[in-house]
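The domain 'MSP' annotation in TrEMBL covers 6-125. If you look up TrEMBL, you'll see 129-153 marked as region 'Disordered'. The compositional bias 'Low complexity' annotation in TrEMBL covers 134-149. Residues annotated as coiled coil in TrEMBL: 176-214. What TrEMBL records for 217-237 is transmembrane segment.
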Amino acid sequence: MSTGELLNIEPLELKFPFELKKQISCCLQLSNKTVHHVAFKVKTTNPKKYCVRPNTGIVLARSTCDIIVTMQAQKEAPPDMQCKDKFLLQAVKVEGATSKDFSLVMFNKEAGHVVEECKLRVVYVSPPQPPSPVQEGSEEGSSPRGSVSDNGNISAAELSLSTRSFANRLEPQEKSSEAKALISKLTEEKNNAIQQTNKLRQELELLRRDCNKNRGGVSFLFVIFIGLLGIILGYLMKKK
């Protein structure tokens, strides 16, 4: 802050967060602590680059006035982010607060007017950077990977883990279903084989009776049936 006899000026440096191809503004506040009205005028070494609103005016006694300084969009950044532009603020005591009491002639020192002056420099600063994302588990007390977030959503890792767990629970059930189906099929085949065996035994018994009636001993057909019965019984024993 600059404390003059007429005006207090804050700040003394016009700081612009420099960004290419973007208009940037900053605020300058004038405070009149006297009992007199004070006229002011703002000049700059580069008027095409800056827009000052208002650039002239009157600060009433014991009041303040805000000035907005806007830098036009720049196509190139200056070397080392250094700026040589400067502003000059002039202040002079006036009797009234109307347009009739204001004249640019009153800022002419050569005419014998008492003019208070304050030089302001321009400073470029880096624009504020967005906060970087915090890595999971990097801070104490942070949520572990796969936990439920603050908004109640489940993370991708948790969802993947749940899916695998569900699939693992389903896999034994699927295997159990396949085993049950296989057992049922084997049981059905066993019952069919038993039925076939019983049928062959009945036919064998009939053949024996026929042989006894004929008294011809054991016939060739009887031997064939005996062989078939042995093959079937062997097949059933292997399946068990």
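Yeah, the Cβs are placed from backbone N, Cα and C, and that goes for glycine too.
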Looking at the domain 'MSP' (6-125) alone, can you tell me the average pLDDT?
93
Helix, strand and coil residues within the domain 'MSP' (6-125) as assigned by DSSP
13 helix, 64 strand, 43 coil
